[in-house]
Amino acid sequence: MSDRSSLRRPATTATSGGPRGGGVTDDEQFAEAPIPSPPSQSAAKHGRLGDRVFAGFATGAGVFMVVLIAAIGIFLLIQAIPPLADNKASFLFSRTWNADPADLNFGVLDLLLVTVFSSVFALVIAMPVSLGIALFLTQYAPRRAARPLAYLVDLLAAVPSIIYGLWGLEVLAPALSGFSVWLNENLGWIPIFADGNVSAQIGQTIFVAGIVLAVMLLPIITAVSREVFDRTPTPHLEGAIALGATKWEVIRTTVLPFGRPGYISASMLGLGRALGETIALLIILSTTTQFFGWSLFDGGDTIASKIARASAEFNDPKAAGAYVAAGLVLFALTFVVNAAARAIVAGHKEYE
């Protein structure tokens, strides 16, 4: 037998012919198709077991976080109740702070005002700057340049707070000394630029601390805003361009309306970060015996910096409890701010 006769004829060369023509019928083709076999019972059991293990692990992690937050809140509340019961002042409305165990007379209002005022001032500076950076990285910068620039912005979040504090005290405060005096002399009729309880020339004021805080907030707000703007639907952008819109008109009518909720949420997250900042403000702000007067040139303490500054008093349970009570207020405040940010995002499924 020759080599040519030993070759097999392909089964699909004559699909239109019948049995006489040597072709393969449709029934034969279907009969030759492999029939998938159901998974074995061991594989099915293994898959179901894996699903149960993973689901249990994920559920346990979620429950653990809820329990952890609740435990922190309960701990703060239990530790704060005894000193609050012995407190001779109104805790929420008094501006005097005296944590002497023999004469407890402490109120958190002044600390709360400095905390909120400095954080809001920082947010007012950081929001427009972060918006501009996010729009530049997503809409204007070339792709090759956008990635390294975004990486540099993200690196700001890795700088320790103490470095920011030292930079603010040793570099920024002297550099802004003349500008602070100019603002005070020329715009002193505006309450926020009026004389404070600290000399504006020294620089250890809320004005300098707020600028440092704003720099610390930039990577947080910029990173979230950049991700939100990148999710703008392409058909929306192409539709605006097809209608003859300029680059700015595309941003104003398409990108900003789509990303507004996410940008607001990012700003709220930044505010929560600013409210809890400790070391940088501890280094920059000058202590004072006078109350906060709504001026950027005031000194004082935030809740967090006050707690850190008074760590030597924690040996006495009553004195420590007074600071724990202040920490409870800060915990509740940051929790509300972060919950509000999450609620804004949850209302827009396109961000999930």
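Indices start at 1 and increase along the chain as displayed.
The backbone N, Cα and C atoms fix where each Cβ goes, glycine too.
The annotation domain 'ABC transmembrane type-1' is assigned in TrEMBL to 112-341.
Taken from TrEMBL, the feature region 'Disordered' applies to 1-45.
Per TrEMBL, transmembrane segment is recorded for 53-78 (among others).
The transmembrane segment annotation in TrEMBL covers 111-137 (among others).
Sequence annotations record features per position, and here TrEMBL assigns transmembrane segment to 149-167 (among others).
Residues or ranges marked as transmembrane segment in TrEMBL: 202-224 (among others).
TrEMBL lists 278-297 (among others) with the feature transmembrane segment.
Sequence-remote contacts of a segment are chain residues at least 6 beyond its ends whose Cβ falls under 8 Å from one of its Cβ atoms, and for the transmembrane segment (320-341) they are 69, 72-73, 76-77, 79-84, 87, 91-92, 99, 104, 106, 108, 111-112, 115, 265-266, 268-269, 271-272, 275-276, 303-304, 306-307, 310, 313-314. The annotation transmembrane segment is assigned in TrEMBL to 320-341 (among others).
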Outside the transmembrane segment (149-167), six or more residues from its ends: residues with CB under 8 Å to it: 133, 137, 141, 212, 215-216, 218-220, 222-223, 226, 277-284
